[in-house]
Amino acid sequence: MMINVKKITSQILTDVIRKRPADSFKGTYGKIALIGGSQNFGGAIIMASLAAVYSGAGLVTTITDPSNQTSLHDWLPEAMFVDWNNFDQAEPIIKSADVVVIGPGLGTDPSALTLLTKVFRIAGSEQKLVIDGSALTLLAANNLPLPKDSTNILTPHQMEWQRVSGIKIADQTPEKNQAAAKQLHAIVVVKSHRTQVYADNHVYENTGGTPAQATGGMGDTLAGMVGGFAAQFKNPQKAVLAAVYSHSAIADKLAEKQYVVLPHQISEALPKFMYKHQAK
Ligand SMILES: NC(=O)C1=CN([C@@H]2O[C@H](COP(=O)(O)OP(=O)(O)OC[C@H]3O[C@@H](n4cnc5c(N)ncnc54)[C@H](O)[C@@H]3O)[C@@H](O)[C@H]2O)[C@@H](O)CC1
Ligand SMILES: Nc1ncnc2c1ncn2[C@@H]1O[C@H](COP(=O)(O)OP(=O)(O)O)[C@@H](O)[C@H]1O
Ligand SMILES: [Mg+2]
């Protein structure tokens, strides 16, 4: 049976980006832990962290390889750092986070699998887990079940989705994707030139996006934005839709005058973009 695909439009922005109440503090806007950034892929977790901070998240901790600490703080003094080899220090931070983003630049070596397994084990029912990049590749390759209590948000590109769902890229129809997303009990963002979101029994399709986004780090940035929005805005499904829409709307604007859009430019544009489109 034909599935009716709903379009993601600018309407989602004023619907989700609320005006900030005067009587608020950092905690009002959520705590996020971002986990990733192996020695080879340090940029991924820095771009994801940049996106989370610039989206307006209240407090951001980046749990990554110690080789990234200096460059992280060069880019983002707002983020706190934890050495991902020190799980005793990382665990309480992960447990008390409203949102955990895991996967950007995580890598697929045994230590990455151990860390992913530990995080899945402690994920709680109040938490939102954004699972991206190598975390998706690892969970597919090792048949790791998703944590059953947390709200899980997967952000695969089409090849990562093929690995996770078993559906070949050419066969990734809305019907097949929705069936696989339901089976996972997860919100699934299938990223492409017209990204689709599978959530609360609906299929949404983004109306924006430009080939100027086809560059490394663009998905890492989306993962950080999804985390930043999910940390601040109550409804997780709508927060994901607003992040997906904002990500391409900012890129479309930049691509009016640029051949390629650099992922960090999207993050840097977020504060002004969100101010402009917040609820009246
Ligand atoms: N600067 C950095 O540190 C960066 C780190 N990254 C990290 O690198 C790790 C690996 O991610 P990658 O996505 O690069 O590698 P993957 O191996 O997961 O996916 C890339 C492979 O999938 C195929 N593929 C992807 N999208 C496709 C599509 N739409 N159609 C057909 N084939 C497609 C490509 O041909 C390639 O073989 C992740 O953890 C990611 O976060 C990347 O985000 C790139 C930037
Ligand atoms: N031609 C395109 N048009 C619009 N968006 C695109 C295009 N190519 C890639 N993108 C977007 O760029 C991002 C790529 O994600 P991903 O492959 O995970 O990047 P990363 O290198 O950060 O892991 C997705 O959000 C995808 O929708
Ligand atoms: Mg990616």
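Backbone N, Cα and C define each Cβ position, glycine as well.
What TrEMBL records for this protein:
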- A44, G105, H157, D220: (6S)-NADPHX binding site (BINDING)
- K191, S192, H193, R194, T195, G219: AMP binding site (BINDING)
- 9-277: domain 'YjeF C-terminal' (DOMAIN)
Determine the binding-site residues, out of A44, G105, T195, D220, lying near ligand 1 in the sense that the CB is under 6 Å from one of its atoms, and give them in sequence order. A44, G105, D220
Taking ligand 2 as the reference, state which of the binding-site residues K191, R194, T195 have a Cβ closer than 6 Å to one of its atoms. K191, T195
A44, G105, H157, D220 screened against S192 (AMP binding site), Cα within 10 Å - retained binding-site residues: H157
Among K191, S192, H193, R194, T195, G219, the record's AMP-binding residues, the widest C-alpha separation in angstrom comes to 13
What is the interatomic distance between the Cα atoms of A44 ((6S)-NADPHX binding site) and G219 (AMP binding site), given in whole Å? 9
Mean pLDDT over the domain 'YjeF C-terminal' (9-277): what is the value? 98
Based on Cα distances to K191 (AMP binding site), point out the closest of the binding-site residues G105, H157, D220. H157
Which of the binding-site residues G105, H157, D220 has its Cα nearest to the Cα of R194 (AMP binding site)? H157
Given the recorded AMP site (K191, S192, H193, R194, T195, G219), which additional residues of the same chain have their Cβ within 8 Å of the Cβ centre, ordered by sequence? H157, Q158, V190, Q196, N206, G209
